């Protein structure tokens, strides 16, 4: 898809307005305590912009995957004094407290997102209200009919005048809060986080500084078929790691021991290698591996001499020669996009490949102006763990959304926003 720039929060008249902001506060919780507040902090610039301009904020988010209830069931529960769809592990109440501390001002928590008209009507400029988890209602979901989503969006739309989307992580969802509200209000703009995501993906998918390398890893070829197919039209180099590399190696006739392999995808691997050759895209596969006989961490795993993996062994990371080759390739490029780890990085003996990629991208960005983009999910976690995330050009907050963009799909939560004026 070609990503067009969208109307920015900077172009909106916010003074005296009640501004509905769809944020992504889907933070990790441990017994009600937030273990990583990165997503909350990422939303602060948009919230502060509204408050500085003399508006008030009504914030909407999901957290986790609660079961949820229908609006009809919610009405009954609400009239009986209950909180519709409530699940302790998915409540946004701890987020309201954390947000209040970060903003240094009170944040009012509305315990039922569809029964908050009273709370919202009492708001003055400078006030912030956080609605309870929108997924406590099933109508938020993209699997519901348009009419059902619309019914929920109508109620939420009545709380505000202006709609801002700052939740790139759910931009691939056609849901009540992502697409329903802007359609009803007739306006929709991107917050700063959404704007940054669109800007970087537009660059890498449009006209990036060249050469451009894609580093693709993860377990299954089947999860990345569309991504590989789409990116092959845009890149100069493709580095493949993770368990998916062994399907490609087997397709080339190498022995892969007991490493993971998708037999049904061998033909696809061969055709992709041929397509790359025709398009003069250089696909680089691992030339050595870090192996063991079982899927567990050991002090001295076997490092192979070449591409072949011995019988009875499984590869769990790329080897030192491969690391050197991949790092050299990244060093030759002016743009890099990374999606998926090189090995089982959660286990220390098999983390070197993934962390070496993170380091090469961080150093390239910091020292040579490389445009580096991390496509969310496991790659973002690995970049954080390696300490290199802060040196990258952009670490995406949306695993699923960034994957769909790289596959060439359009994102409903982006296309619904107004075009830049």
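From the backbone N, Cα and C atoms, a Cβ is placed for every residue, glycine too.
The Mg(2+) site recorded in Swiss-Prot includes 219, 223, and the single candidate from 37, 112, 118, 378 that the record places there is 378. Swiss-Prot lists 218, 223, 340, 345 as CDP-binding residues, and of the candidates 242, 319, 364, 369 the one it assigns to that same site is 242.
Nearest in space to residue 65 ((2R)-3-phosphoglycerate binding site), taking C-alpha to C-alpha distance over the binding-site residues 224, 346, 378, is 378. Here the candidates are the binding-site residues 223, 242, 340, and by Cα distance the one nearest residue 25 ((2R)-3-phosphoglycerate binding site) turns out to be 340.
Neighbours of residue 340 (CDP binding site) among the binding-site residues 23, 172, 315, defined as a Cα within 10 Å of its Cα, are absent: none qualifies. For the binding-site residues 172, 242, 243, 346, a Cα to Cα distance of within 10 angstroms from residue 219 (Mg(2+) binding site) holds for 242, 243. Across the annotated binding residues for ADP (218, 219, 224, 242, 315, 339, 345, 346, 378, 379), the two most widely spaced Cα atoms sit 21 Å apart.
Secondary structure from DSSP puts residue 39 ((2R)-3-phosphoglycerate binding site) in a helix.
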